[in-house]
């Protein structure tokens, strides 16, 4: 836990100005080949800021300036916080040998993630250069699903035998400067099984000679290596933990997930939800080619496209009506657009509510009834306006009736469907974020068009 | 920091089954009026779980069972984690006198939030019942903007004069059991100004007699009371802090924001972004009436509606063409829908990337160029299919050309606009989440319709 940090808030004008000055100074020192002053200047910058500075430097200078970071532990910290494209640049443009010393300092979980993303040949090259310990840790971490507790945990945790005394425990903490964050002391038995936990503060409150198992808390909140990362995040959030221990199937302590990993999980899951709702995927990254990105977005669009063609076919069947009442086609976009809009609103409220826990599956009926009323209210409002507009623009009472009734029906139906489906998906353990996806959207579109022409045939008596 | 927690993960089948059993047992004990066993059972449940249990109990029993929580500190903890509608129920159905003792145990920031939401008369009634200290704290917290560091900070922090010795500091920590979480010790001078920080772990590593100002870190990352909550969250996330101190304009330490508050801010901001993108607002809650919710969603829909009417007018102007080539109207929905879909994909990638920091404003040009290519690739793909479909369905080469070219142009334009606008908004310090809002959507719609008929007039030589 580093606390020696810059005091200007990220994103503030003062921070931006300061960062700009640092970028310029560092680049100037680099161009003048003033290596000693460059190293000294860099050593005083917080790793998180140094990563931001490297991102702003001319790409051609980045690799050299990165290697001017004298302290390999700091270099690892900086590397860890670089944007993906800069990391890729470093991995491709500097020799693996030169980087191995730096990467060895990465927390094992981050190192494993990185190695997991490398192409096969680079992966083997790097693994061969790692020390025995790092290699073993990485290999064991690589077995776990990246979205499980095992995949996000660090093996850099701190545990002690529960038979030690408080005094011995404190002595132990003093001697171990390398571990990431210590707030809870996990206590294990002689088989390495997790048996209790004690907070650093409790240690301070207890007399030196007391054995740890007398003061430890035996009901430890824990997860297993295969627990889903979303569940881990929910637990840490719900019980306001700073870290949660991870055990294997025999209750042997194998790692811990800290609250900063949980923040990453929450951001990642939210991004995934949002992209899923929009019909793309988190596998799309800035470094992908346009063609690759297009391929990722294509399937969702394809489903929507097939739905669109189906709508085209439906409209084609009613060509006769259209031929007689041409103006009906002018109202197609507004009628379909409004239903789509209200549907997205309802679905977003439901999907986000389920994700944050504000909405529970047991709320389905009241929620659906409420959305029914919301849809009716909005549909009635826009129905009346559209009816009046249709009547006055085209001096046709029939047109007014048709468009007014259709938009009322379509908006109500869309709101209803858009809240009902996420709730059903959640109950069926399907990700509710897909509920705004192609099938629902095109179902609303096709039913909406059909409704339009059925009402039109009826009112125009065609 | 409570670590005595249930060991079944939230949302797991085992947790659900256990919760269901507890709900049934508690309700049975309540109905049998077995007060002592009820209190004993409740006292063994974690507050976070008790809140979830209260949410599942029959609403008519909730108030009585809540008041069966013997320990007021636990009751406060439970209250704090109840869903909004249950909190409202407790506030309206139990006497303020009975609740005051419980609420006094809430962390000052949560108490202030709660009081800020109460109707005027209840607020005064409750304030009058609070102890002097709580009242002062709440009053000072209520002055701050709820979205600022002052609005989310707790005044329940732990600070010590920097003149103390390590030994005295440890003694002090031992004597203060009430403070929320201690991981950093904030150190102040005789004027209460923040001068340094020391971690609990550093205390353990230092000899007892050393004065704190000799070991403290002087470069403390801090924020002022008016710092925006998003900035606070970014700082804590970026520098991986567990808490950040909050100072006033004279650098006097007035509070701290902890990492769990930051998780709440991140979830709140994300929800706000998603709702904004969908055209509703976080002011919409489950407790609102359908009419109120409809009113909140109405403005965005109104803007889209006006855009829709404009599109109607545009189509109306081309009625002559439509009369001659009726089938053009059948393709309207698919052409507009596809452009809208690809636009939402591009906008979501940009908005979310900006929010998580994966995308920076300086990436505008490469990103826009990439989306241009993505739009072209997708537009070409669907253009060819639609052209072929149009040709074979209606045996018209002209129709194929019109629909193919239009969808190519509209999808490319939509992708371009949908990524360009969020980037421009971000640069102008306008929330990029509004970029998927009504103006952009309807602009894409209207331009799309226009493009359709312009291409149609040209190809059909009308």
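Placement of Cβ uses the backbone N, Cα and C atoms for every residue, glycine included.
Database features (TrEMBL):
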DOMAIN    A:153-215  domain 'CBS'
DOMAIN    A:216-274  domain 'CBS'
TRANSMEM  A:298-318  transmembrane segment
TRANSMEM  A:325-344  transmembrane segment
TRANSMEM  A:372-392  transmembrane segment
TRANSMEM  A:404-425  transmembrane segment
TRANSMEM  A:437-460  transmembrane segment
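A:437-460 is the stretch from A:298-318, A:372-392, A:437-460 with the greatest number of Cβ pairs below 8 Å to the transmembrane segment (A:325-344). Non-local neighbours of the transmembrane segment (A:437-460) in the same chain are 276-277, 279, 300-304, 306-308, 310-311, 314-315, 317-318, 321, 324-325, 328, 331-332, 335-336, 339-340, 343, 347, 398, 401-402, 405-406, 409-410, 413-414, 417-418, 421; each lies 6+ residues outside the stretch with a CB under 8 Å from one of its CB atoms. Restricting the average to the domain 'CBS' (A:216-274) gives a pLDDT of 89. In the domain 'CBS' (A:153-215), the DSSP tally of helix, strand and coil residues is 20 helix, 18 strand, 25 coil.
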